[in-house]
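Record features, source TrEMBL:
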TRANSMEM  65-87  transmembrane segment
DOMAIN    67-502  domain 'Major facilitator superfamily (MFS) profile'
TRANSMEM  107-128  transmembrane segment
TRANSMEM  135-153  transmembrane segment
TRANSMEM  165-186  transmembrane segment
TRANSMEM  198-219  transmembrane segment
TRANSMEM  225-246  transmembrane segment
TRANSMEM  291-317  transmembrane segment
TRANSMEM  337-361  transmembrane segment
TRANSMEM  381-401  transmembrane segment
TRANSMEM  407-434  transmembrane segment
TRANSMEM  441-463  transmembrane segment
TRANSMEM  475-498  transmembrane segment
Amino acid sequence: MPVSPYELTNAPSQLDREFSRISAPRVQTSRDVTLRRDASNTDSLDWYGSEDPDNPYNWPSRKKWIITAIAILATFTTLLNGTIITVAHEAINEEFGVSDERFPNSYWPVTSWALGGAVCSLVVLPLMEDFGIRAGFLLTYGVFICFVIPQAVAQNFATLIVSRFFSGGCVSILANTSASVIGNIWEDERGRTIPMAFYVTAYLTGSSMGPVIGGIIFQSLGWRWISYMQLIWYGGLAPVYFFFFVETRGSVVLQRRTKNKSKTHTEHRTLERQQEKPLLKKLSDSIRRPIYMLVTEPVVFVFTIWSAFMVGTVYLFTQSVEQVFAGLYGWNASQAGYVQAAVVIGECIGWVGALISAKLYFASGSRNQEIPGSPIPEARLYMSLVGSFVGVTGGMFVYGWTSYESLPWIAPAIGLAMVGFGTNVVVIAIADYVVDAYSKYAGSAVAAIVLGENIFAAFLPLAAQSMYTNLGFQWGSTLLGFLALVLSFAPVVIILFGRRIRARSPFMKEATVDRAKNAPVLE
């Protein structure tokens with residue numbers, strides 16, 4: 001899940017001062033963009049009214065959808081890099097003399113990849129804020145390709161792990177940059193619903209589809225060609241991104257339009273930049289804010305565990321599916337990799353569930369007694385009950401208790417599809433609820449959740465081998481099912497007591513006040 005689908009700025013609020021100056025940045029939209037004028041100057045560099053055609057929110061729908069499609073394509077293809085190599089672990093182990101007898105060392109390339117994403121999402125992203133969406137994306141994409149090369153030609157296991165760490169960091173930046181594109185060009189909640197559902201689906205299916213594509217390449221060409229083929233398609237897509245991945249950040253678009261203005265304006269723009277936060281301060285805040293909200297906000301903490309478990313299971317399947325299907329049906333790694341397509345199918349069906357969730361959310365405004373006319377934030381979680389209880393929990397039980405030689409392979413595959421469906425619905429619901437409930441503090445709240453997701457993706461699969469060996473195929477999945485069942489009660493509590501919980505949280509309380517100010521007036 002992305003750090004945030006919205007652009008962020010550092011405008012202070014009352015909570016910045018009240019809570020040790022560790023609050024989250026205010027959500028910025030393109031309509032907010034104004035290069036503030038000096039008191040001595042009566043001119044202001046701003047959009048030419050609300051219908052300014054240069055404002056990304058006012059771009060034609062066709063242009064918006066082309067840009068959105070490019071961002072989603074970039075997300076899907078780069079996320080493949082995370083898991084595509086998992087099907088070749090035996091060949092890699094044999095070439096580099098690595099053993100999985102006592103510990104699943106062959107998973108370290110994926111662990112390092114996920115850890116790279118965790119580090120870069122906190123450290124590198126805030127340093128790129130001033131460079132614009134396009135420049136940051138293209139630069140990172142070039143660096144990403146450079147780190148795929150060592151994965152193809154590595155002569156030792158350490159080179160593979162290190163290069164995977166940095167490629168994972170690049171993918172995290174690229175995915176977050178792509179997410180911000182959607183927030184930059186689609187202004188209202190209704191307009192963002194379908195694009196964001198597509199984005200999260202691409203984010204999850206990219207990870208799940210990796211073993212499928214990797215299995216095809218590995219079976220035909222060998223493990224090094226998995227990376228060679230990535231270089232071919234990443235290189236082939238580079239011109240597409242260069243020509244079509246345009247700048248969407250409102251402040252950058254405005255600055256470029258006015259770069260030929262008078263020297264006076266230039267001086268004031270320079271003064272504006274000089275008054276921005278120092279680099280180290282910006283970096284420090286980007287690290288402290290998510291951690292602060294993680295330890296002080298119960299909702300953020302619980303949702304981090306919930307979402308991280310969901311994403312972690314996607315990566316855990318890259319280990320457990322091979323172990324289960326090899327043990328039951330004698331399949332090799334490539335054949336087991338194809339089964340991951342069941343997870344992808346479920347995730348695609350989950351996209352439909354996300355649209356149903358959005359419909360329920362917007363319909364809730366008619367019965368909102370707290371802020372009449374405004375949708376109820378907890379309505380974002382209605383479909384997550386189905387996704388978590390039926391999809392993930394039920395899917396885990398089906399996956400576990402159909403894992404018998406006497407049953408056809410399609411039976412546990414159906415369980416995998418159910419988990420894929422539930423995971424997509426839940427991840428989208430969590431992201432939407434956090435953005436609605438925390439409003440201008442959503443950036444740091446979602447960043448905390450993403451940190452948890454990366455950590456679970458890195459380490460949860462390391463337990464798969466011993467868990468399924470010691471507990472067996474049935475009880476190993478059952479244990480995961482019971483964990484999912486416990487976490488499934490989180491949205492139940494939020495739906496029943498969400499209004500009270502929001503009233504006790506200083507962050508959500510302020511967001512509620514803001515929603516009340518912007519709520520439609522009912523006659």
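Here, residue 1 is simply the first one shown, and the rest follow in order.
Yeah, the Cβs are placed from backbone N, Cα and C, and that goes for glycine too.
Note that the structure is a prediction, hence the values are computed from the model and not measured.
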Self-check item: Selection from 107-128, 135-153, 198-219, 225-246, 381-401, the stretch that has most Cβ pairs under 8 A to the transmembrane segment (291-317)
Solution: 198-219
Quiz item: At least three Cβ pairs under 8 Å linking the transmembrane segment (381-401) and the transmembrane segment (135-153), pairs spaced 6 or more in sequence?
Solution: no
Quiz item: Where, among 65-87, 107-128, 135-153, do we find the most CB pairs under 8 A to the transmembrane segment (198-219)?
Solution: 65-87
Quiz item: Considering only Cβ pairs under 8 Å, which range in 65-87, 165-186, 225-246, 407-434, 441-463 makes the most contacts with the transmembrane segment (107-128)?
Solution: 165-186
Quiz item: Taking a Cβ cut-off under 8 Å, which residues six or more beyond the ends of the transmembrane segment (225-246) line up next to it in the same chain?
Solution: 66-67, 70-71, 73-74, 77-78, 80-81, 84-85, 88, 134, 137-138, 141-142, 144-145, 148-149, 151-152, 214, 217-218
Quiz item: With pairs 6 or more apart in sequence, are the transmembrane segment (165-186) and the transmembrane segment (407-434) linked by at least 3 Cβ pairs under 8 Å?
Solution: no
Quiz prompt | Model confidence over the domain 'Major facilitator superfamily (MFS) profile' (67-502) (mean pLDDT, whole number) | solution = 88
